[in-house]
């Protein structure tokens, strides 16, 4: 039935083109309110397209769309399989809840004349992230990466605090170095093979496995993507960027940007370079393992000592990326399943947490642990959302956080590496401590007598936040969809029968 | 291949490595934000030269179709590869956009802090 529509075969390219064309149109609308409504509409549209794409590929078919009808490997092809359809769903799904949520927060945090530009930059960032995910061309990844990065530097620099400017500048420097490293890596691959199409690259690289150029390309690409995905110790830009960015931008970027970078890493390591080269010849997993474990434990400890709750969550993100990396480093299907699940689940929980914080920033002004004293009574729904998100972050059963950690622990046990199991549990306990600090302040401390009374956040913010919270619970109980897709994608990535 | 060939034969790549490391050092070591951006530009330029070098073929001409007679066909015309050059044109545009955004941020930082030296900015943030 759907096939009768003329746009249907063009879904893969529309997924990127619609938000990208919507960005300049959004700017032409001038009035912030119109721009916001338009951006929200576009975000829902992209979400609908992502759902349709996922439905098409959920049985394992591979969609290929040749842009301008140029046959690959000469033209640029967009390839959709279960893995990137899943990531497209995450990115556009988060956009579809963050955009409607944005209005009140943007009103408060961003000067009126910059609001339209803010929504324009959000749409550009969305287009870049979706494009990185869907493209089947290695150079295209770099271009779309820069589109999303440049717009996210702008988004971060719009924060109220002047430190947002230095945070954005620092991210610009580190992000550009990362992107240039990726560019060098892609250049070296092109020198070896004369092609940029990912499938073609994968086929041709088999013949040059032992060349030093290929090893250098791998090194450049891993470090470059490591910078973009805030792989420990390349995470230094992340805490400041998330802490000082406008609340809406923090919520959107924390839930999507690093996830897409992880996807790009997986695509390069597993599809292009191939399991045999990356994990058997180069043994990359022994580089990833210590980094992942240090990130999990060290970043969680740092998070405990943060006063600013946004900063605390940012360090927690670094720790969560440690779990994601650990799943890759275990090199088994269960571990990779855990990684893919955690991409989805971490987006849900961090989205919910940052959105609850955005509501607190709206009413209280700042989100430090002290400023949240006694808020449990005055903003019951917001704080309840924060607690629910926190429980998910810790990994309590019936939330999504439990599902991904369960698979990760299973994967470590499958390998027989029990010290890693212990490390996962310790890191989860550390998460209990930093979430507890907020809970203690909000529910067990009295509001200071001289503090202004605070109202509950407006419904326009509460409803999207609670949608994510409910998703946290729903996907924590009903795991067929997420685990099914993740397992199938992981199996085919590691070269088993799909 | 002797050492001399190794050096001269890879002359472009030595330039790339030299420029890349110079730029990278400037980004890391300088405190001045403008100098950091200059370093970043040198760093990116190195990659531009890497791409341009890989497209060049010695004796190659511009990639335009030429009609050849039968005896010329024994010695076919060699073309340089235009694709890396096109690719790097895109990367140059991206580099310009990054530089523009970086400089805009430096202006805003100067307005907010009154300085563009990183150590002074950090000191001001520590005081606040």
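Residue numbers in this text run from 1 along the chain shown.
Including glycine, each Cβ sits where the backbone N, Cα and C put it.
The structure displayed is predicted, hence computed values, not measured ones.
Marked as transmembrane segment by TrEMBL: A:12-30 (among others). A Cβ distance under 8 Å defines the sequence-distant neighbours of the transmembrane segment (A:12-30), meaning residues of its chain 6+ beyond its ends; these are 38-39, 42-43, 45-46, 49-50, 53, 63, 65, 67, 78, 80, 88, 92, 116-117, 119-121, 123-124, 126-127, 130-131, 134, 144, 147.
Residues or ranges marked as transmembrane segment in TrEMBL: A:35-55 (among others). Here the transmembrane segment (A:35-55) has long-range neighbours at 2, 8, 11-12, 14-15, 18-19, 22, 25-27, 29, 63, 80, 82, 85-86, 88-89, 91-93, 95-96, 98-100, 102-103, 106, 115-116, 119-120, 122-123, 126, 130, 485, meaning same-chain residues at least 6 beyond its ends whose C-beta is under 8 angstroms from one of its own.
Per TrEMBL, the feature transmembrane segment maps to A:83-104 (among others).
Look at TrEMBL and you will find A:116-135 (among others) tagged as transmembrane segment.
The domain 'NADH:quinone oxidoreductase/Mrp antiporter transmembrane' annotation in TrEMBL covers A:137-430.
Remote same-chain residues near the transmembrane segment (A:171-193) are listed as 138-139, 141-142, 145-146, 149, 152-153, 156, 200-201, 204-205, 208, 211, 213-214, 216-221, 223-228, 234, 236-237, 240-241, 272 (criterion: CB distance under 8 Å, separation of at least six residues from the stretch ends). Among the features that TrEMBL reports, transmembrane segment is placed at A:171-193 (among others).
The feature transmembrane segment is assigned by TrEMBL to A:213-239 (among others).
Taken from TrEMBL, the feature transmembrane segment applies to A:260-279 (among others).
The transmembrane segment annotation in TrEMBL covers A:285-305 (among others).
According to TrEMBL, the feature transmembrane segment maps to A:312-331 (among others).
The transmembrane segment feature in TrEMBL is assigned to A:351-369 (among others).
As annotated by TrEMBL, transmembrane segment applies to A:416-436 (among others). Sequence-distant contacts of the transmembrane segment (A:416-436), counting only residues of its own chain at least 6 positions beyond either end whose CB sits under 8 Å from a CB of the stretch, comprise 289, 293, 296-297, 300-301, 303-304, 306, 312, 316, 319, 322-323, 326, 330, 387, 390-391, 393-395, 405, 408-409.
Sequence-distant contacts of the transmembrane segment (A:457-477) (same chain, six or more residues past either end, CB-CB distance under 8 Å): 97-98, 100-101, 103-105, 344-345, 348-349, 351-352, 355-356, 358-360, 362-363, 379, 381-382, 385, 388-389, 392, 397-403. What TrEMBL lists as transmembrane segment is A:457-477 (among others).
The stretch from A:83-104, A:116-135, A:260-279, A:285-305 with the most CB pairs below 8 A to the transmembrane segment (A:312-331) is A:285-305.
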